[in-house]
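Copied over from Swiss-Prot, here are the features:
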BINDING   Leu277, Gly278, Asn279, Gly280, Gln281, Phe282, Gly283, Glu284, Val285, Lys299  ATP binding site
DOMAIN    82-143  domain 'SH3'
DOMAIN    149-246  domain 'SH2'
LIPID     Gly2  N-myristoyl glycine
LIPID     Cys3  S-palmitoyl cysteine
LIPID     Cys6  S-palmitoyl cysteine
MOD_RES   Thr12  phosphothreonine
Amino acid sequence: MGCVQCKDKEATKLTDERDNSLTQSLGYRYGTDPTPQHYPSFTVTTIPNYNNFHATAGQGLTVFGGVNSSSHTGTLRTRGGTGVTLFVALYDYEARTEDDLSFQKGEKFQILNSSEGDWWEARSLTTGGTGYIPSNYVAPVDSIQAEEWYFGKLGRKDAERQLLSFGNPRGTYLIRESETTKGAYSLSIRDWDDMKGDHVKHYKIRKLDNGGYYITTRAQFETLQQLVQHYSERAAGLCCRLVVPCHKGMPRLTDLSVKTKDVWEIPRESLQLIKRLGNGQFGEVWMGTWNGNTKVAIKTLKPGTMSPESFLEEAQIMKKLKHDKLVQLYAVVSEEPIYIVTEYMSKGSLLDFLKDGEGRALKLPNLVDMAAQVARGMAYIERMNYIHRDLRSANILVGNGLICKIADFGLARLIEDNEYTARQGAKFPIKWTAPEAALYGRFTIKSDVWSFGILLTELVTKGRVPYPGMNNREVLEQVERGYRMPCPQDCPISLHELMLNCWKKDPEERPTFEYLQGFLEDYFTATEPQYQPGDNL
């Protein structure tokens, strides 16, 4: 992790600190969970260690690393001598319950109670109304968190994904916390040239001892706002001047309301099934609404699919898993027929998206990026000592902007159907399952890694069924004898080698999801510097 300087005697060029770990050890530079937040706080979550396949659900491990999704946590401290900290709304919000407070972007609030974590009790200084507001929809007045261009704890790859979204012109930019240097920031800009086409350049913003900021020591600023203003007026050595802040999507809420945060068994009557999205072996998936005003996805399970008691126990754990690459569980109806209420993903399953949707036209960079997103979500599950057990494209959901999220984690363990529990029955996903799991029931995070390798083949073949021409029995026999799928057509050899690593016979020889995330995120950029030098900066 050294400072690399371009030595150009003609024109003084400075480079930002480059993260050499890109070329040293792909995947191992990822530390704490990169879920975007404004003000992170760590919690200690008790989740059973499912990677010990002998353990029961009741055996718990205390796992450090679960990141609370709340933007601002704890009791607010006052500012100056006023005794009041004012917050400003960054987005519009429509109240979902009688306890909520509707508001418009730009409204200012006095916070009355911040003890509920993700939901704060507030008074609007615009309307005088009082009620609960989602804490990640507001920021302190005059803070950088309130700026359109500030994206907080956004990872480098997610920054590129957002900046390269359709419709953003050259010069679209954002500022985020640096992943590699504490207290520093990164400026990410959408650029274009004849060689690369549309791409993103990243510049390190350093902090002075006296509190100022700079990209180059020859241009120092008291505030980030002044730095942005300066480079908005002139490129001054950057790839181009800053033109427009990147559009921020609406923040996701991890609960339906403040009331369902802790009491999330809800009445069936509060749900309306509107449009059936899919039909599976064990139930249906619907687009619906909660309370008539909040769009959700509702999975309805056929009676007898699983024990309501076991489901409720597992749901308690699933509700604690909060990550931007996992489909968020909102609420449940635990009496049969069981309803599982989650966030709604507009493009449906990855399998359908690849076979029949917009995914048919995707090129390799998009497909690798989607794989990286899944690996990132699974790396979180890995850190939390949890297991998916049924990882495949049918259980990955797609949203706008090619956002991918993992669904149905943990549910496979609860299914009581004989055609499934036999593990070699007609309903069991043999072609995605590691041999030690299919033959002996040894499900661990390493059997999930095997399944991820199969999912990679689904991506590059646009949803083709694995092991074409072979039935389940033949697959199990051939895999046990050492057979592995050959490299799919038009798939790079390096990607097939990654699949083969996922399919190692010895589970312990398979890579971690942390490694898979790093490898895939840097797949097309491993030979480029992480941070760009500027021209005459």
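Glycine is treated like the rest: Cβ placed from N, Cα and C.
Source: prediction; values computed, not measured.
Of all Cβ atoms in the shown protein chains, 8 besides its own fall within 10 Å of the Cβ of Asn279 (ATP binding site). Around the Cβ of Gly283 (ATP binding site), a 10 Å sphere holds 19 further Cβ atoms from the protein chains shown. For Leu277 (ATP binding site), the Cβ neighbour count at a 10 Å cut-off comes to 19, with all displayed protein chains included. This prediction places the mean pLDDT of the domain 'SH3' (82-143) at 92. Sequence-distant neighbours of Val285 (ATP binding site) (same chain, 6+ apart, CB under 8 A from its CB) are Arg276, Leu277, Gly278, Asn279, Ala297, Ile298, Lys299, Thr300. DSSP classifies Gly283 (ATP binding site) as strand under the three-state reduction.
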